[in-house]
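One structure below.
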Amino acid sequence: MAEGTAEAPLENGGGGDSGAGALERGVAPIKRQYLTTKEQFHQFLEAKGQEKTCRETEVGDPAGNELAEPEAKRIRLEDGQTADGQTEEAAEPGEQLQTQKRARGQNKGRPHVKPTNYDKNRLCPSLIQESAAKCFFGDRCRFLHDVGRYLETKPADLGPRCVLFETFGRCPYGVTCRFAGAHLRPEGQNLVQEELAARGTQPPSIRNGLDKALQQQLRKREVRFERAEQALRRFSQGPTPAAAVPEGTAAEGAPRQENCGAQQVPAGPGTSTPPSSPVRTCGPLTDEDVVRLRPCEKKRLDIRGKLYLAPLTTCGNLPFRRICKRFGADVTCGEMAVCTNLLQGQMSEWALLKRHQCEDIFGVQLEGAFPDTMTKCAELLSRTVEVDFVDINVGCPIDLVYKKGGGCALMNRSTKFQQIVRGMNQVLDVPLTVKIRTGVQERVNLAHRLLPELRDWGVALVTLHGRSREQRYTKLADWQYIEECVQAASPMPLFGNGDILSFEDANRAMQTGVTGIMIARGALLKPWLFTEIKEQRHWDISSSERLDILRDFTNYGLEHWGSDTQGVEKTRRFLLEWLSFLCRYVPVGLLERLPQRINERPPYYLGRDYLETLMASQKAADWIRISEMLLGPVPPSFAFLPKHKANAYK
């Protein structure tokens, strides 16, 4: 999994019970006048919340009880004490072992956010799209065709303004839009703003979608992978000499001696010049399917010194990447996509490959454990999507991926790893990059031995996260080891990743000699970090400015996922997941010492206004309250528990 799958947000309840007294080690140094206790913090929000809203329910479930995390994820409050109050000496051996487990990873078994109250009365897509033809599904259609009946059961609008209608002149979701009052006539007909339509305003260009015909071919296994099968046959015939395998594409700044002379292709029978044909051609006839591109013919990846937004699972969606691009991110990468799911034509997996027009340097990240599926997937992507590079995820730490041989496990499977890299390099026409960790075990580093091999296999660029799989986020990233790896990887470019939350952190990272830096959790805590690094300053951003960023995210989300009920709730879900990271940011004006460090837990504090205090809350109920400011009230049966749980401060 990518960097963003970190056990990111704090546990519900916030940072420790430190009052206005002395700060503990590992606690953010906030000015004394802003410090408070846990009880006073929540009393303040409850009192102000009652003044600002008439809603009585301030927690995640309709009964008003805060959603508890699964039993396996709870941790003891005090050292030496078990969950049931016994001391470790008095506890049974089995109980003692259970309490020693660190809280990490995902909140498994959490309730799904998918609403179900509208699934029973869904309007037919033919009516939504105002199709003049008959129903798309014919007599087998199970959807409603009575617009009046649908409007009777449809939930109330969430607001008076529709972003899609105001931006593009027409809302494609028609009567199903949750803001339909802005563009719907009383009889249910969708309005169109003629001025915007006359100017030809269209929604932003989003590329790399999955064609329906290709999806059917993938599901029926009718797609041929000649180039991938040819590469796999070479592996089955035995080890290939290094000189006979193309070295791939090197990034700019990595000098290589490449033979760019003409490649000799053995001539077979019947290779004489064919007679001219009276049939006209519709374009140039290439031989890319027969003759592989030489290394010097491939596109090059020149991102030296640029700011690279990490491929963040769950939170690194397209609307979030648009936010980061606006603040100065140079390179973006899609969320981790599983190669087997892509080969099966799963729409949810192909959605991770979508690219917005503002992403000028964009790549996709693949995860897989076997050369055949990874090579075939690389060939498929080279024919169907527009990307600047393809990244292999060798840093995913979760058990689901690791136990199948993918992610970090590839660092210990050098033969399979080599076949994956060489096979993908042979079928791709764009550079191939790799993201790795320092190793699998906490005190056993592997990266310095693996980097020279990756360079020889033809990898264009490597990103090194300065932590091992077992370490996760309980300790700081090892930038001293990253500096050693820079020398081992030379002349191959190496990007560093880990614990960058300020421009000072970025400057220290660049002093290690890395080609550039990748930013992951820092971008989730404050996406304006890219601006701070480029302008070399601390930005004391106000709460209203932060709310405007969230409003832009919701607008981008409605454009991307839709303004109907399903799209609104999907936007809300990803907003809440992001808020579980944003709440850990401490405003610059409240800190005694700059900058904020990523491993320092924010204590309970009262901000300079109500909104700043609300944004500092670690309770999911308060995140929901913020979402209601932007997307209206939640459904009656709404429940939310963050996907990831933090142990970064332990």
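Counting starts with 1 at the first residue shown.
Backbone N, Cα and C atoms are what each Cβ position is placed from, and that goes for glycine too.
Listed in Swiss-Prot:
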type	residues	note
BINDING	Pro311, Leu312, Thr313, Gln365, Lys435, His465, Asn497, Gly498, Asp499, Ala520, Arg521	FMN binding site
COMPBIAS	48-58	compositional bias 'Basic and acidic residues'
COMPBIAS	70-79	compositional bias 'Basic and acidic residues'
CROSSLNK	Lys416	SUMO2 cross-link
MOD_RES	Ala2	N-acetylalanine
MOD_RES	Ser236	phosphoserine
MOD_RES	Ser276	phosphoserine
MOD_RES	Ser277	phosphoserine
REGION	1-24	region 'Disordered'
REGION	46-120	region 'Disordered'
REGION	235-284	region 'Disordered'
Open item on the list: I'd like the number of other C-beta atoms within 10 A of the C-beta of Thr313 (FMN binding site), please.
Closed with: 23
Open item on the list: Tell me the coarse DSSP state (helix, strand, coil) of Asp499 (FMN binding site).
Closed with: coil
- [ ] Please name the residue among the recorded positions Lys416, Lys435, Arg521 whose C-beta has the most neighbouring C-beta atoms within 10 angstroms.
- [x] Lys435
Task: Residue pair Thr313 (FMN binding site), Lys416 (SUMO2 cross-link) - Cα distance, angstrom, rounded - done: 25
Task: Minimum Cα separation from Ser236 (phosphoserine), reported as the residue among binding-site residues Pro311, Lys435, Asn497, Asp499, Arg521 that achieves it - done: Lys435
Task: DSSP three-state assignment for Lys435 (FMN binding site) - done: strand
Task: Which of Ser236, Asn497, all recorded positions, has a Cβ with the fewest other Cβ atoms inside 10 Å - done: Ser236
TODO: Indicate whether Thr313 (FMN binding site) is helix, strand or coil by DSSP.
DONE: coil
Task: Intrachain C-beta neighbours of Asp499 (FMN binding site), sequence separation six or more, cut-off 8 angstroms - done: Gly466, Leu476, Ala477, Trp479, Asp505, Gly522, Arg597, Ile598, Asn599
Task: Cα-to-Cα gap, Asn497 (FMN binding site) vs the residue listed as 'SUMO2 cross-link', nearest whole Å - done: 25
Open item on the list: Between the Cα atoms of Lys435 (FMN binding site) and the residue listed as 'SUMO2 cross-link', what distance do you get, rounded to the nearest Å?
Closed with: 16
Task: Distance from Pro311 (FMN binding site) back to Lys416 (SUMO2 cross-link), taken between C-alpha atoms, in Å - done: 23
